[in-house]
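What TrEMBL annotates here:
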- 185-294: domain 'Acyl-CoA oxidase/dehydrogenase middle' (DOMAIN)
- THR189, GLY228: FAD binding site (BINDING)
- 332-482: domain 'Acyl-CoA oxidase C-alpha1' (DOMAIN)
- GLU468: active site, proton acceptor (ACT_SITE)
- 527-658: domain 'Acyl-CoA oxidase C-terminal' (DOMAIN)
Amino acid sequence: MDRAFQRTQILTNHLLQSSPSSPAQIPSLSSNACLNYSPPELSEGYAFDIKEMRQLLDGHHVADRDWLFGVMVQSKLFNPRVRGGKVFVSPDYNQSMEQQREMTWKRIVYLLERGVFKGWLTEKGEEAEMRRFAYFEVLGLFDHSIAIKLGVHYFLWGGAIQFFGTKHHHDKWLRDTENYLIKGCFAMTELGHGSNVRGIETVTTYDSNTGEFVINTSCESAQKYWIGGAANHATHTIVFSQLNINGTNQGVHAFIAQIRDAVGNVCPNIRIADCGHKIGLNGVDNGRIWFDNVRVPRENLLNSVADVSADGKYLSSIKDPDQRFAAFLAPLTAGRVNIAVSAVYQSKVGLAIAIRYALTRRAFSVKPNEPEVLLLDYPSHQRRLVPLLAKTYAMSFAANYLKMLYVKRTPQSNKTIHVFSSSFKAIFTWNNMQILQECREACGGQGLKTENRVGHLKGEHDVQSTFEGDNNILMQQVSKALFAEYVAAQKKNRAFQGLGLEHMNKPCPVIPSQLTSATLRCSQFQMDALCLRERDLLKRFVVDVSQHQAKGESKEHAFIMSYQLAEDLSRAFSDRAIFQKFVEAEATLAAGPLKDVLGMLRSLYALIYIEDVAFFRYGYLSVDNAAAVRREITKVCSELRPHALALVSSFGIPDAFLSPIAFNWIDANSWSSVQH
């Protein structure tokens, strides 16, 4: 208060041009020396090998990633501009929606000509799939629109043909799709039905006289909506529709339909409208489609799951309609894997920018006539950003596991892939929005500038929480899968196996009555605490659902009424599963500085979730232990502070893909830069 009063007195005297009564006591108002930018590399050392850390984080195809970064930086199509003596690339968001869409397409053509998409649909095997993941992650770092445009074409349209089609579909469509001779889109979502795919209202019948299917938009709520690529560029689409054969609805099936000719004219009996401007992703031409009794050949039914004979008989080796429907959702798994991984890389961009800025931006002096303090030297700023670093590292290791799980998929692993992809997609995208918001605020006013990326990335990636499965619904599916595992284990009197639930076979962990620093940093304690929460919530959830069922309620209604426990359980499962992948990654390292730093990050990740309100709500932590956890988080953040630059440098993101405030933000905003 004394200092505030003193400053007020100085300003008052200055404004009133009056002399202070006691000059000896009140210092004069004088100008400070101008701020100078000092690169953080001059004062921040690297205690570990950042190349080795990057290899651990990226996991695969590091050289291929760097090649693609170079391909983009070399072209003016990627909007290079000089700010503060450095070149940066990012889309020009001042362009109109139409211009952004056209630029997205031109960039795709440029990348196609340089062989970036070679083998994306025609090569098989782990190497080809993992290289495709690597390229897709790099492209998403530049622009979400280009990633979504490619994802719809290759992973949804192309993936549907791969998964649902048979050899003659593969031979006819895949190579032309890979080379963009055909431009595909994916018409599943409708105005009236998004997450509830089973309820879609588009109807297809079969005309045995002509050997054609007839696709019809039965009502306005059946119009296909948010179809990426439909508004401008797509020539063909996968149409998801109810299949009605001889008056019997056989459920949702997938058909290939042409919507434009080779020169871009909309086909007869097809109507297309634009979805219009969005809060982000304006480089993607989302459209709406109506089908007015559109006829397609019988062979355009993607028939790996079911078929219709020439004379109109419905044929399927999968007799159970539920299992048949589940088979039609397979392409969405690939989409969820891509979205989850993409969210991690956006978090890396946000954190790299915000932490580099916090290592060069100063605010306030602790004592008179002393330099102002670096933002990241404030414990409060560390508490805001460093835990997010731990989250991002944890998500990176979990994302690498998810990719390998998907690449090595078998029919037996489909359920596991579905549960983990649903869980990680939801958690990673929620985390990404939290991380970008905190990074935006941590950059102050500079975070508002589009050129500084962080704020704009929020709008671009907000959609990740609801497309390819609404996050809340995906997490409900996780809880239901865990419920089924628990009931099956109890009913068959067998041990838990799969989904990481083997810890349920062991004695229930006990949290010590008094938590010391050593205990809180012990990986076994951390795992025990997260497992305790998961197993207890699973038991509570099963009991709660069973009690509702005992009252005569259906299982579905019981799940709905137990939604709060379901939410807590799915998050507990996710936190434990992600932590488990962190521990496994750490275990691959020999003793040394890299492992030491990862150990601190692992502890921080565990502690921020042990601090979660659920540990207090369900009585796992006492008030004193909760306070001990909070103190330990502050300590770990402080210990990780000297490694902050090395940790974000390990992301391996080239300078050009960050933003001006990550570097010399004074020169980038100088008058000379305006003149230039």
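Backbone N, Cα and C define each Cβ position, glycine as well.
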Residues that sit under 8 angstroms from THR189 (FAD binding site) by C-beta distance, when 6+ apart in the chain: LYS224, TYR225, TRP226, ILE227
Mean of the pLDDT scores, which run from 0 to 100, over the domain 'Acyl-CoA oxidase C-terminal' (527-658): 95
Inter-residue Cα distance where the pair is GLU468 (active site, proton acceptor) and GLY228 (FAD binding site), in Å: 12
Number of helical, extended and coil residues in the domain 'Acyl-CoA oxidase C-terminal' (527-658), per DSSP: 109 helix, 0 strand, 23 coil
